[in-house]
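J.: Can you read through this structure? Questions will come right after.
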Amino acid sequence: MSASTSSSPISILLINGPNLNLLGTREPGIYGSSTLEDVITSCTATATSAGAAFTAFQSNHEGAIVDRIQQARGEGVDGIVINPAAYTHTSVAIRDALLGVGIPFIELHVSNIHAREAWRHHSYFSDKAVAVIAGLGVKGYGAFTACCTGAVSIKTFQNTQSTILRQHSRKD
Ligand SMILES: O=C1C[C@@](O)(C(=O)O)C[C@@H](O)[C@@H]1O
């Protein structure tokens, strides 16, 4: 991975796949009422306060997501947080792009894909992800916090994952 140094802030790229632009209106019983804009605003605030660089990208197109991942290597992105959405269950191309650039990534789902239809249980990403977050609603995007607040690098996320899950499961 491209290491972050004290002189260069950690750089995080958030990628959202197809139909996540509809967050807030899309099946609210499953995905909640927060919009993607709400999510990005919150993540941007977190990144800014942590002194991290943050970029968000959403596309409904597989090739565009592959292109954005490839572009990330040239930009020196340290870690990717990706909700591949429906491509989770189908995309060898996005998996290969992530492995090709060698940037560590966290896989994120708003819903608990393992509590849904059987065909959603398989992910082309989970076995290669630093961590997998699912079922915490849009609060799952708070996983992003672990990538930049006080964390040396996204690799430390593995050690903080259980803490994050505890924090988010509290009803506060
Ligand atoms: O589009 C999505 C969103 C999703 O990734 C989630 O965030 O829960 C789960 C996927 O199965 C689904 O196709």
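Including glycine, each Cβ sits where the backbone N, Cα and C put it.
What TrEMBL records for this protein is below:
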type: ACT_SITE; residues: Tyr31; note: active site, proton acceptor
type: ACT_SITE; residues: His109; note: active site, proton donor
type: BINDING; residues: Asn83, His89, Asp96, Val110, Ser111, Arg120; note: substrate binding site
type: SITE; residues: Arg26; note: site 'Transition state stabilizer'
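Each of the listed features needs to be described in terms of its position in the shown structure.
T.: Cβ environment of Tyr31 (active site, proton acceptor): Leu23, Val110, Ser111, Gly137, Val138 lie under 8 Å away, each six or more residues apart in the same chain.
Cβ contacts within 10 Å of His109 (active site, proton donor), excluding its own Cβ and spanning all protein chains shown: 22.
The secondary structure of Asp96 (substrate binding site), as reduced to three states from DSSP, is helical. The C-beta environment of Asp96 (substrate binding site), restricted to residues of the same chain at least 6 apart in sequence and closer than 8 Å, is empty.
Sequence-distant contacts (6 or more apart, same chain, Cβ under 8 Å) of Arg26 (site 'Transition state stabilizer') comprise Asn19.
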J.: Assuming the binding residues for substrate are exactly those in the record, Asn83, His89, Asp96, Val110, Ser111, Arg120, what is the maximum CA-CA distance in angstrom, rounded?
T.: 24
J.: Which recorded positions from the set Arg26, Asp96, Ser111 come near ligand 1, judged by a Cβ under 6 Å from any of its atoms?
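T.: Near the molecule: Ser111.
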J.: In whole Å, how far is Asn83 (substrate binding site) from His109 (active site, proton donor) when you measure between their Cα atoms?
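T.: It is 6 Å, counting Cα to Cα.
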J.: Look up Val110 (substrate binding site) in the DSSP assignment and reduce it to helix, strand or coil.
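T.: DSSP assigns Val110 (substrate binding site) to coil.
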J.: In terms of DSSP three-state secondary structure, what is the assignment for Arg26 (site 'Transition state stabilizer')?
T.: coil
